[in-house]
Amino acid sequence: MLKLAVGLLTAAAVALLLDSYGPSEAPSAVGQHRRPRAPQPAPGAEASNLLWVVQVSDIHISRFQDPQRASDLEKFCSETIDIIQPALVIATGDLTDAKTRDKLGSEQVEVEWKTYQLVLKRSRVMEKTKWIDIKGNHDSFNIPHLDSVQNYYRKYSAWRKDGSFHYIHTTSFGNYSFICMDATLSPGPKRPFNFFGILNTNQMKELSLMAAESLHSNHTIWFGHFPTSTIISPAPGIRTLMSSATAYLCGHLHTMGGLMPALHSQHRGGTLELELGDWKDNRRYRILVFDHDLLSFADLNFEEWPVVLITNPKSFLYSSPAHEPLVKILYSTHIRILAFSPSVITSVEVYIDGVHLGNAHPVSGPLYALKWSPENYSEGFHHIDVTVQDASGRISKRGHRFAMEENLSRRFGFLPSVILLTDYYVLARVLFGLIVLIQIALLVIFRYLQKPALKEKPGLLTLTSYSLHIFSKTNTFYYSILVLNLYTILGPWFVGELIDGHVGACFSFGVFVGGSFFQGSLTFVVGILQMLFFNLPLMAYLCWCLFLRCQGHGFRSHFWHIRRLVAALVHLAMALLLAWQIYSCYFLQRTYGTLAFFLSPMRTWLVVLTSALIYKTWTLKSSELRTYIVEMKNCQSS
């Protein structure tokens, strides 16, 4: 019966998770106010109603690392942009690296910004297209206020304006809104405590007005540096605010170090959230296309040619009935493909469901078209594949599933959806609170719970419980660990220069610096790591040491009376955790200065406290443990 109940609960939890991360196709309340979508004009053989833009993110131009980033970016701006000829280029933050040579400290490095500006000037990219570059968290490191001379973004970027804004791109076939959401912190603390973006109430009101203005456009694209999962925002929340947008473009996560090469998902209102891989290590960029107001995109690698995008029929997975006139696919007369290459395109072969339909013919510029009969594919899913070859013999293939029926099920990958759609600051806050509560509850419960009598040959669970009784009923250790856990929640972890020349304090619930308070986000993650990998193991280690003392062993003798390998592994584990804590002290000094090193109860002081507690376990007078020693001897002799 118990197994059945557990199974049902597990199934319910999984179903709830899957439902939470599966997008709803109901149109948003905001999105319903857009003008109605007519089936005509539909995609045909003419080079009309086409708009494409390019996105690049996380460039990280560095004074100390990989100079090829800048030279490749210049080549991208001078050659790739010449070939693609986008109407707009959006650079979504982290234009510079802003790290010290040892990668521990962070500061704005003017030479990095000068290098970035030089790339834009030498490539003359701003004369060829509209270049919009926004700040990321690295571009905000160590900046006391927006008017500071350290805010090199204002001096060296192309856009040069802080804050969110609404850019409208006008074409002969309508307007397209691009709303920048600036969630970077001001003042900007040093790394790592600006990993999350924050929007305040005034910023949300400003963005709400921009969203309302954009309803008159054919489409709205939001863009910013942070994924919505790493943005703290007041009610109704940033995802609700951008629900009238067709897509949100972002970066920041570097595709989780390459582990998730396609970090894409969809909000419940139908807005696509598309994280782009970084330029820094992977040289990634994106082309986003509106073809008769149908959105398509491709995430690409620098210098991989030819580039291919199938714009009609568009991918079913990345479609949104709430924002796009999907009926136009059914009314279209031609399959449409964009193909870019430094060399002449020699062939564009089209296949549907494995059947060769023919070669698409060039229309104008990068557009290729092939006549088709969409009614032949009006039911169920189908797969389109396109193979493009250029005069240099290079071949590229691209394909996707499409469908004419809007009510078919679509679902993004579970892991990308979890990464992009989870509010991590809420999750981290809850987990941190639970972990601290559990450890404090253990201490208090065993403090006042009556100690059980040891019977002959007690099991592991009984001995573990007994060691917790010993620990909790020994004042020195009980109060030390209780205060440590309470301090982890309430006390300042350290006080130091979170911004050069500006002393601040870091707590679990947030950071005070420069007259501002930033509510906790990454601090809770650090707190979870502190609890799981130090506070809890420290308590377990001290319990184990005290238990050995009650068995009559000293520090030297216990190696000879218990399994040496077990003892060595336990001590090694604690030594490694203590070494990690000591390294954290070094990291603190390198990141926030000498003051932070000395005024750090949760780092430097804790190393001293830990050493003292470990020493105390082996030097504690036997008289303080007499009751437990006698009981252990009686148990062993029986």
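In case you wondered, yes, glycine gets a Cβ from its N, Cα and C as well.
If you look up TrEMBL, you'll see 52-255 marked as domain 'Calcineurin-like phosphoesterase'.
As annotated by TrEMBL, domain 'TMEM62 Ig-like' applies to 303-401. The DSSP breakdown of the domain 'TMEM62 Ig-like' (303-401), given as helix, strand and coil counts, is 9 helix, 51 strand, 39 coil.
The domain 'TMEM62 C-terminal' annotation in TrEMBL covers 431-556.
According to TrEMBL, the signal peptide annotation covers 1-15.
Under the heading transmembrane segment, TrEMBL lists 424-449 (among others). Beyond the transmembrane segment (424-449), the same-chain residues lying 6 or more positions past its ends with a Cβ under 8 Å from any Cβ of the stretch are 196, 229-230, 232, 465, 468-469, 471-473, 478, 481-482, 485-486, 488-489, 508, 519-522, 524-525, 527-528, 531-532, 535-536, 539.
Taken from TrEMBL, the feature transmembrane segment covers 476-495 (among others).
Residues annotated as transmembrane segment in TrEMBL: 522-544 (among others).
Per TrEMBL, the feature transmembrane segment maps to 565-583 (among others).
Residues or ranges marked as transmembrane segment in TrEMBL: 595-615 (among others).
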Practice task
Could you tell me what the rest of the chain brings near the transmembrane segment (476-495), counting residues at least six beyond its ends with Cβ under 8 Å?
Solution key: 436, 439-440, 443-444, 447, 503-509, 523, 526-527, 530-531, 535, 538-539, 542, 546, 588, 592, 595-596, 599-603, 606, 609, 613, 616-617, 620
Exercise for the section: Could you give me the DSSP helix, strand and coil counts for the domain 'TMEM62 C-terminal' (431-556)? Expected result: 76 helix, 20 strand, 30 coil
Completion exercise
Residues outside the transmembrane segment (595-615) whose C-beta sits under 8 Å from one of its C-beta atoms, at least 6 past its ends, are 476-477, 480, 484, 487-488, 491-497, 503, 530, 534, 538, 541-542, 545, 574, 578, 581-582, 584-585, 588-589
